[in-house]
Amino acid sequence: MASGNLTRVTEFILMGVSDHPELQIPLFFVFLLIYGLTMAGNLGIITLTSVDSQLQTPMYFFLRHLAIINLGDSTVIAPKMLVNFLVTKKTVSYYGCAAQLGGFLVFIVGEIFMLAAMAYDRYVAICSPLLYMAVVSPQVCILLVSLTYLYSLTTALTVSSCVFSMSYCSSNVINHFYCDTVPLLALSCSDTYIPETAVFISAGTNLFFSMIIVLTSYFNIVLAILRIRSSEGRRKAFSTCASHMTAVTVFYGTILFMYLQPRTNHSLDTDKMASVFYTLVIPMLNPLIYSLRNRDVKDAFKRFLSNPCQSFKLM
């Protein structure tokens, strides 16, 4: 649509992970495998934590919602990405791009605060075990998860509205494999100060408060474990939070690598590689982290395989 001498953008072109034609088919199969494993792993966690009677605890309630978030995050990104490996014209409509950005923000912010809620859960379990079921009651679990979803939805609507309130004129090539804030801001032909400020404040605030919750929780967890006299007691206490600690380290390590690198070394290509990790690889790894290091989940999986009908009767 024409507006004076400017042409309003009605669609965007995604450059993808790589612009080398010979890599498109191999990359398609690599990311198809990643997405398939992500779907299988997270659906498995959701199913087991829903139907197994021994996994009806706050920890597995939060784990189920983390799996839902991981599944959503990958599904917002991967299908369009996979299609673009197979087509010559890698386009996405203006409103499709806005929807993808909004969906991505819902799930990435949701993951940040779900991991924080899980850290609080582990803190109460280890530091106040006798009060655990009273403090982290079903009502508190539902409240924390509901607030996480509500806040992430509000953040996504606010930030994506700011980004798409700008004008996009002639340039429409996004140097990324999905619609993200930074490459979109780089394309705008209008003043980006307010949207850039909104994105920066939102990202900084979310990371700061979630990391404060996680670090405070684990600081107290470490102190509580050190006060345990027996080595067996310390090992058992540590094992209850080892999976979550691994997931938190991988997720926040990737995010901090992306946002704290010097601006002189910063590039959209570096962002792209980090984004592959936290939008596609981490959602695939989380089910493995929580199942391979967790005896309860492995036992539930064995029970499910031996008698799936009985498991569904427990629902």
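The backbone N, Cα and C atoms fix where each Cβ goes, and this holds for glycine too.
The annotation domain 'G-protein coupled receptors family 1 profile' is assigned in TrEMBL to 41-290. Here the domain 'G-protein coupled receptors family 1 profile' (41-290) has a mean pLDDT of 90 out of 100.
Beyond its flanks by at least six residues, the transmembrane segment (25-48) meets 17-18, 55, 63-64, 67-68, 70-71, 74, 78-79, 81-82, 85-86, 280-281, 283-284, 286-288, 290-291, 297, 300-301, 304 of its own chain at Cβ-Cβ distances under 8 Å. Marked as transmembrane segment by TrEMBL: 25-48 (among others).
Non-local neighbours of the transmembrane segment (60-78) in the same chain are 31, 34-35, 38-39, 41-43, 45-46, 49-50, 100, 103-104, 106-108, 110-111, 114-115, 117-118, 121, 138, 141, 144-145, 148, 177-178, 279-280, 282-284, 286-287, 290, 296; each lies 6+ residues outside the stretch with a CB under 8 Å from one of its CB atoms. The transmembrane segment feature in TrEMBL is assigned to 60-78 (among others).
Non-local neighbours of the transmembrane segment (98-118) in the same chain are 59, 62-63, 65-66, 69-70, 72-73, 76-77, 80, 92, 144-145, 148-149, 151-153, 155-157, 159-160, 163-164, 178-181, 184, 206-207, 209-210, 213-214, 244, 247-248, 251-252, 278-279; each lies 6+ residues outside the stretch with a CB under 8 Å from one of its CB atoms. The transmembrane segment annotation in TrEMBL covers 98-118 (among others).
Under the heading transmembrane segment, TrEMBL lists 130-151 (among others).
The transmembrane segment annotation in TrEMBL covers 207-226 (among others).
Taken from TrEMBL, the feature transmembrane segment applies to 238-261 (among others).
What TrEMBL records for 273-292 (among others) is transmembrane segment.
With a cut-off of 8 Å between Cβ atoms, the residues of this chain six or more beyond the transmembrane segment (273-292) that come close are 17, 31, 34-35, 37-38, 41-42, 44-45, 63, 66-67, 70-71, 73-74, 77-78, 104, 108, 176-178, 180, 243, 246-247, 250-251, 254-255, 257-258, 298, 301.
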